[in-house]
Amino acid sequence: MTEFLDLETQDAIRMPWNVLPGTKSDAAQSAVPISAVYTPLKPLPYLPIVPYPPLRCRTCRSVLSPFAVVDFSTKVWICPFCLHRNHFPPHYHSISDQHVPAELHQAYTTIEYESPSEKSVVPPVYMFVLDTSVIEEELGFLKSAVSRAVGLLPENSLVGLITFGTYVCVHELGFGHIPRVYVFKGSKEVSKDQVLEQMGFLNRRPKPSVGVIAGVRDGLSQESISRRRGDAVAVIGIEELPDSRGQATTAEGSYKNTVLEELQKDPWPVAHDQRASRCTGTAISVAAHLLGVCVPGSGARIMAFVGGPSTEGPGSIVSKNLSEPIRSHKDLDKDSAPYYHKAVKFYEGLSKQLIHQGHVLDIFACALDQMFRAVKVGVAELKVAVERSGGLVVLAESFGHSVFKDSLKLIFQSGGNDLGLSSNGIFEVTCSKDIKIQGIIGPCASLEKKGPLCSETVIGQGNTTAWKMCGLDKSTSLCLIFEVTRKDTPDALGQLENNQFYFHYQHSSGQMRLRATTFSRRWVAGPGI
């Protein structure tokens, strides 16, 4: 048992079986599938971080590992997966059996590569999307909680603010004395082109005829991008705004005092027989478009705070008429919820956009109704976008409840100078020739990278060897299910079978890193597992 725990401590991998059945028929008799639970960012006691890019096989692109066969005299290494012979580059000329690089050290089966040339340009971004259709007391609780959360952010963070009710309001935080708000109609779906036009991103420049518009290279002016990083994202603690006395006040203080504390409840009247107008889907969509324009491919989180069901625009789950009941769990089971499928289709499209951009959606659902609060807020429809982007869901009775306040605080707690939240991860798997991948279960999305390693039997998200993970932390885990394809008993029982995991991600410090884990297990004869 101690040996298995040591293996998990070394590589952050837990397997139900630590030996492999010798043939496909033997594997079929096993009640528990051949699988592995991998925690990509689990803190390891002896994890080496090297300041150079990995050395890859020219054929299968696997990373050099301790399982490679090395000829130090000719400076050649043989890939343990495809058996291709690779020459070491010139800067490895001094290696020998007494002087090996970290990636060949037997104890370093998991290693991280930190390339200095892959630093992120934009710091982490947090877009707060606040529901103002709640009662005054709840709005006060919410403003107080968000204010505390902003104070816990690292100094280099960027913050944005969107509020919604009947309309969606994007607050520009770059002006300390004159607040500016861009308003979008909540009853209609807002496209990225409409966001570009209404917020003046193109700055009188012609819109590019083809391609995705994101950044200066696509026709956007640097001034508009920088300023919208003041609406999407005002720098906290870095960019200082002068006050009327010529002194400097941080953007954090400006954010709290001039915008957040002055937020008011949605001013549009609500009839006694009507529900409040709440355009949750439109607000989240505008946030996704805005981040897609300002910070594409960089770590960003949309943190939506919702206090009731969506009744307006795309993603709505019920009408505003109180005589129409909100769908229940039984309605969902019987497929008799009239708004459900349309809302799910909308959020599925939104999830694809978030995955493409590398951004995360978190939902904080707090409703005063103590029964079915998840259903009455619309988490059943929203969960597809949250799960695929690697986001979080927090449910509570009120924004003043300790469950909500403590959960929000835990998200932003830090052991050092960062939050420990990583983003923009790409997870890839390479296996030996007698192992195939049936699929993966966890907070990720398929990148549809098909190949000979993909099994015809699909479990979870299969038919690929690569997945996107927009957001994750140190406890995020993935479960991979494998298939044994060997038909005959191996010639030499007890020989090793290798697998390798690669995880390329944006560290919470903004640095791009690659963590490579290579592990092996032995074949055994018969179904004796």
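The backbone N, Cα and C atoms fix where each Cβ goes, glycine too.
Source: prediction; values computed, not measured.
Here is what TrEMBL says about this protein:
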DOMAIN    54-92  domain 'Zinc finger Sec23/Sec24-type'
DOMAIN    123-409  domain 'Sec23/Sec24 trunk'
DOMAIN    423-524  domain 'Sec23/Sec24 beta-sandwich'
Report the DSSP secondary-structure composition of the domain 'Zinc finger Sec23/Sec24-type' (54-92) as helix, strand and coil residue counts.
3 helix, 11 strand, 25 coil
Rounded mean pLDDT for the residues that make up the domain 'Zinc finger Sec23/Sec24-type' (54-92):
92
Counts by DSSP class (helix H/G/I, strand E/B, coil) across the domain 'Sec23/Sec24 beta-sandwich' (423-524):
0 helix, 59 strand, 43 coil
